[in-house]
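Novice: My structure is below; once you've seen it, I'll send some questions.
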Amino acid sequence: MTITMLKSKIHRATVTEANLNYVGSITIDKYLMDKANILEYEKVQIVDIDNGNRFETYVIAGEKHSGVICLNGAAARMVQKGDKIIIMSYCSLTIDEANKFNPTVLFVDNKNNIEKLTNYEKHGEII
């Protein structure tokens, strides 16, 4: 048996663009992807902190150190430029693997620069 666990998270990223006329996906700064352990074409869940929307899409790599967080295609209707979002990916692990696993959690500032990188998330410890 396997269970689904949080693998990677980019917390409170700022949407820099919403491009309705592009073919699907979310474009993420490649540097942020690397630090958060998110791969190109990986499925991610997006949560918009400002409007409460939750949806899934896949990742394409943006220019390194650009700070780009761009929702493309139909997903562009779910956010607005300037919205704060949480980007999460998941993995399937056995119970034994899950008990030893820690996610990669990346906190960014208003310009999508890395503020903190951790391998845990505990209630009340990190805002």
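Any Cβ shown, glycine's included, is placed from N, Cα and C.
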Novice: Given Swiss-Prot annotates Gly73, Ala74, Ala75 as substrate-binding, which of Thr57, Thr94 belongs to that site as well?
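Specialist: Answer, per Swiss-Prot (substrate site with Gly73, Ala74, Ala75), from Thr57, Thr94: Thr57.
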Novice: In whole Å, how far is Ser25 (active site, schiff-base intermediate with substrate) from Ala75 (substrate binding site) when you measure between their Cα atoms?
Specialist: 7
Novice: Three-state secondary structure of Ser25 (active site, schiff-base intermediate with substrate) from DSSP?
Specialist: coil
Novice: Just give me the nearest neighbour of Tyr58 (active site, proton donor) among the recorded positions Ser25, Gly73, Ala74, Cα to Cα.
Specialist: Ser25
